[in-house]
Structure formats: structure tokens, C-alpha cells
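K.L.:
Okay, handing you the structure first.
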Amino acid sequence: MPELPEVEITKRGLVPLIINQEVSRVILHRENLRWAIPKNLITILANQKIKTIKRRAKYLLIKFEAGTLIIHLGMSGSIKVVDIKTPLLKHEHFELQFNNGTSMRLNDPRRFGAVLFSKDGSHKLLDSLGVEPLEAVFNNGYLYQKSRNKRKNIKDFIMDSKIVVGVGNIYACESLFMASINPQRKAGNVSKTRYKILTQCIKDILTQAIKAGGTTLQDFSQVDGNPGYFTQTLSVYGCENKTCHFCKSKIIKIVQNQRSTFYCRKCQT
């Protein structure tokens with residue numbers, strides 16, 4: 001699933017290709033993804049220029065004079081910008097064509113993504129989001145303060161988008177391994193010192209993943225079509241029964257809240 005690094009990489013790849021481009025045509029190759037795609041986008045975005053593109057959590061916010069296009073990549077989505085004459089691929093469900101002869105296409109095989117629109121840039125899906133992990137507000141004391149009296153496990157806690165956004169399953173596993181914290185430990189039982197270490201580990205893991213172009217496990221690709229290379233540096237995620245880099249014991253897999261969790265029982269306490 002595209003997580004914060006993959007969405008950030010997508011945003012950075014789109015900036016030089018679509019900023020200031022004028023939409024000549026909007027095509028809905030299917031009427032719905034996770035939710036219905038607004039049909040009035042065909043008229044609302046016609047002849048509109050793209051002013052900015054930003055990321056909030058795992059959402060892409062594409063700003064026009066008329067409002068903001070909100071895109072979520074879902075479980076399997078990716079975006080590419082291609083020549084307008086390029087043959088349409090099977091799972092390319094939404095398309096913005098530009099006057100310069102290029103086309104931005106959303107590919108979403110599993111159709112859990114979303115294409116939404118807001119006139120003022122606000123949306124109920126954005127209203128309850130927590131802080132951005134790569135911004136200064138996500139500081140050494142933030143997680144500790146939020147975790148007091150929390151009984152949920154630490155992994156589910158840092159994956160809660162109302163607490164901090166964008167720390168998906170892959171990066172939660174990797175961050176907890178780097179911080180030597182057992183993913184089953186209760187969030188309220190983690191010390192302030194360990195939260196300080198975990199906060200920096202989350203920042204470091206996400207930054208490394210962005211530099212590597214994200215993680216490609218199955219469907220994700222960058223705007224230029226290349227895969228993300230952070231997959232090659234994963235320490236625990238997807239590494240069941242492989243050897244821990246540090247203690248040489250086996251990485252184990254458990255299930256937490258219907259998600260696979262990978263960790264080292266010896267290194268993570």
C-alpha cells in the first residue's frame with residue numbers, strides 16, 4: 001500500500017510535469033473507485049490551470065482556481081504522466097489531459113483509491129488527521145504525551161492517523177525495529193526516553209524511504225515508472241525466518257489488528 005514516502009515521491013515527481021499545465025479534458029474511465037468520482041469534474045476542471053500540488057498524510061492535494069482535487073492512492077494506486085497518445089492501460093481509471101499534449105493517469109488495480117473535490121480545500125477526510133511526522137511539531141515529547149493511559153499496543157498507536165499520519169505498516173515495523181521496541185508493548189508503558197528514540201527513528205526511516213524512491217512490494221511505481229528501492233533495505237518487514245542483522249536470531253511474524261507484524265524477539269523489548 002502506498003504510504004507517506006510513496007505519496008511524497010509521487011508529489012515530487014508530478015511537480016515539474018503538471019504545475020501550470022492547463023486541463024484540456026477530464027476523463028472518467030470508470031465512475032467510482034472507493035467512492036464515486038464526481039462527474040462534474042469534467043466541467044469544473046475544464047480549462048483550469050494547476051497552481052500547486054501538496055501532500056497531506058497520504059492524500060495528494062492538487063490546487064486549481066476552482067478548488068482542490070483530492071487524490072488517495074488506496075491499496076495499489078500509482079500516477080504517471082505520459083504522452084496523450086499513449087494507449088490506455090487496463091487499470092487507468094481517471095485521467096487529466098493537458099494542453100501540452102501530456103496526460104496524468106491514475107492506475108488503481110484494486111480500486112481502493114479515491115478522487116474527490118473540494119471548493120475550499122477542506123474535507124472531512126482531512127479534518128481529523130494528526131501531525132506530519134517530518135515536521136517540527138512531531139517532536140521528542142509528542143508521542144509520550146499522546147500515549148499516556150493508552151492501552152493499545154505501540155504499533156497500532158503509531159499507525160493511528162489521528163495521532164501521527166503516514167506511518168503505515170511497513171514503516172511502523174521498521175521504525176520499531178530501529179528503536180528496539182517490541183510491537184506488542186502497550187503504548188502507555190513506553191518511557192519518555194524510548195519515545196524520544198522512536199520519534200527520531202520514524203523520521204529517519206521515512207526520510208531514507210523517500211530518498212530511495214519509496215517501497216515497491218507489488219503495484220507501486222514512481223511517476224517515471226521506476227520502482228521504489230527501499231525494499232532492498234528492509235530489516236524486518238517481509239523477512240519472516242530470515243536472520244536479524246544484529247543478533248542473528250530469526251525474524252518472526254505475528255498478526256496485530258489484522259495486519260502482519262515482523263520483529264526480532266531478542267532485539268526488541
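Note: Cβ is positioned from N, Cα and C throughout, glycine not excepted.
When I checked Swiss-Prot for this same protein, it listed these features:
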- Pro2: active site, schiff-base intermediate with DNA (ACT_SITE)
- Glu3: active site, proton donor (ACT_SITE)
- Lys58: active site, proton donor (ACT_SITE)
- Arg259: active site, proton donor (ACT_SITE)
- His91, Arg110, Lys150: DNA binding site (BINDING)
- 235-269: zinc finger (ZN_FING)
K.L.:
If you pair up every Cα among His91, Arg110, Lys150, the residues annotated as binding DNA, what's the maximum separation in angstrom, rounded to an integer?
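P.N.:
Roughly 41 Å, rounded to the nearest whole number.
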K.L.:
Can you grab the distance from His91 (DNA binding site) over to Glu3 (active site, proton donor)? Cα atoms, rounded to a whole Å.
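P.N.:
Taking the Cα atoms only, His91 (DNA binding site) lies 20 Å from Glu3 (active site, proton donor).
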K.L.:
On a count of neighbouring CB atoms within 10 A, which of the recorded positions Lys58, Arg110, Lys150, Arg259 is highest?
P.N.:
Lys58
K.L.:
Compare the Cα of Lys58 (active site, proton donor) against each of the recorded positions Glu3, Arg110, Lys150 and report the nearest.
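P.N.:
Given the candidates Glu3, Arg110, Lys150, the nearest one is Glu3.
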K.L.:
To the nearest whole angstrom, state the Cα distance for the pair Lys150 (DNA binding site) and Glu3 (active site, proton donor).
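P.N.:
On Cα coordinates alone, these residues lie 24 Å apart.
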K.L.:
Which Cβ among the recorded positions (Pro2, Glu3, His91) has the fewest C-beta neighbours inside 10 Å?
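P.N.:
So among Pro2, Glu3, His91, the recorded positions given, the one with the fewest Cβ atoms within 10 Å is His91.
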